[in-house]
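*Asks:* Mind looking over this structure? Questions follow.
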Amino acid sequence: MLGSLGKPQFPEQEKDPKYWNTWAQQTLKNALTLQNLNKNKAKNLILFLGDGMGVPTVTAARILKGQLNGQSGEETQLEMDKFPFVSLAKTYNTNAQVPDSAGTATAYLCGVKANEGTVGVSAAAVRSQCNSTQGNEVTSILRWAKEAGKSVGIVTTTRVNHATPSAAYAHSVDRDWYSDNEMPAEALKGGCKDIARQLFENIPNIDVILGGGRKYMFPKNTSDVEYPDVLKHSGTRNDGRNLVQEWTDRKGHYVWNKKQLLSLNPNSVDYLLGLFEPMDLPYDLERNSNTDPSLTEMVDVAIKILKKNPSGFYLLVEGGRIDHGHHEGKAKQALHEAVEMDRAIGRADLMTSVHDTLTIVTADHSHVFNFGGYTVRGNTIFGLAPMLSDIDQKPFTSIIYGNGPGYKLVNGVRENVSTIDYQDNNYQAQAAVPLSMETHGGEDVAVFAKGPLAHLLHGVHEQNYIPHVMAYAACIGQNREHCMSSNGSADLRPVLSKMCSEHLLLVLLTLTVSLMFFTNT
């Protein structure tokens, strides 16, 4: 239809085969340079986690980014698209085909798969059963980095004690035990600790913690500093502890708004706690740019503080509200969150070097989100498909969910989307099955990698493989023997453990004696 109106559907240069051949040849030339593998030791480690950022979300975010810049969108490159190595991660939990964010976080942070709903514990632990915690704790790469002398940080757009960040420091059989107020009496009696408390007790001196979740740090009914008249934002703690005060008593800096954050001198700050909302940070589309920092701004400050350590750093960055947007069926919110995380990736790139910094971008799981409908080139990602349904003769948006709150009938039939504002920030895209909250998807997620030993992330792997690669590249955790090279590079030759070496020596001696026996006889 657009073609018949004389409106070009794509740039004129794309009609010429030379355009595509030249582009492909340049891509080939760039790919050939990757044969010289980066085998340096990783001084710094950064993991960007897009919560719920499945492959369809990545593609749609790419188009949105381009369209926000006045382009058609499809040909745009996200920052993560520029990473030279891409693999797939299998996301299932030990007890779930379609996973949740807690069990997956345990996988890509602690290196072991776990049950849904649990953080920092093995699959031997049972959700909500406090007495299954002890003895089943597993440690995270954040701890391995801290024990190796690196600075460590957590930056998130959700609560700092939400599922993703909590697996970096907590051992909890229930992801919802944000403070002691959310824990059953039996669990408290059994000696289990709430997640907010574990943030400050389990790994002493986490250098940077930025995100939301303020109310879980203060005694019950303590008025919030930003919303003093809103009861639901008041403190929740029944134990009377003021965890923020305890932090500042240990000489840590504390900020709760953007102005305070950006006025800090990173050179004079070693430990920073920033809690910008009582719960999660607002969606980026709804963020008050005067009071709430963006993910990019938080990442910028975090890296400036962490990079002062000559031994390097580990930083976990979560674009956590991509997931929330999808759960609510609000694709526009979710995709703008993904674009903002991509900006943060770009900022980190400018502040670090690919020669000594291993950066990984991935997701914990996907969602039942997709887009289709034979839309034309440059169609707004939030727009309509160029046809009517041949069943009910109504238009439909390109974006659609497999299930969720967008399912709606009007007079017994599907709602006519042309009668409503489907471009609204909070429009809930139509869904095939009615649910109050849309669900996760179970397909593999992409893993983008660049920097030292990034080539080890290739093919299809279990999700728990990710921190093992990161630890190997940085010579922390259980993989250190290969890093004894004096020239600063990581020696990739397989290293036999002491036990294995002794066993091999015994086998060689046995073979030698046997050979001598047969020779003499």
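Residue numbers in this text run from 1 along the chain shown.
Cβ coordinates come from backbone N, Cα and C, glycine included.
Values in this document were obtained by computation on a predicted structure and should not be read as measured data.
Relevant sequence annotations retrieved from TrEMBL are reproduced here:
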BINDING   D51, H162, T164, E318  Mg(2+) binding site
BINDING   D51, D323, H327, D364, H365, H440  Zn(2+) binding site
ACT_SITE  S101  active site, phosphoserine intermediate
*Asks:* Restricting to the chain of T164 (Mg(2+) binding site) and a gap of 6 or more, list residues whose Cβ falls under 8 Å of its Cβ, or answer none.
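*Replies:* Expected: L49, D51, S101, A105, T156, T158, L316, E318, G320, D364.
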*Asks:* What's the CA to CA span in angstrom from D323 (Zn(2+) binding site) over to H162 (Mg(2+) binding site)?
*Replies:* 12
*Asks:* Distance check, please: Cα of H365 (Zn(2+) binding site) against Cα of H162 (Mg(2+) binding site), rounded to an integer number of angstrom.
*Replies:* 16
*Asks:* Run through the Cβ atoms and count how many others sit within 10 Å of the one on the residue listed as 'active site, phosphoserine intermediate'.
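*Replies:* Its Cβ has 27 other Cβ atoms within 10 Å.
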*Asks:* Within 8 Å of the centroid of the Cβ atoms of D51, H162, T164, E318, which other residues of that chain place their own Cβ, given that this set defines the recorded Mg(2+) site?
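*Replies:* Result: L49, S101, A105, T156, T157, T158, A163, P165, G319, G320, D323, D364.
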*Asks:* CB neighbours of D364 (Zn(2+) binding site) within 10 A?
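*Replies:* I count 31 other Cβ atoms within 10 Å of it.
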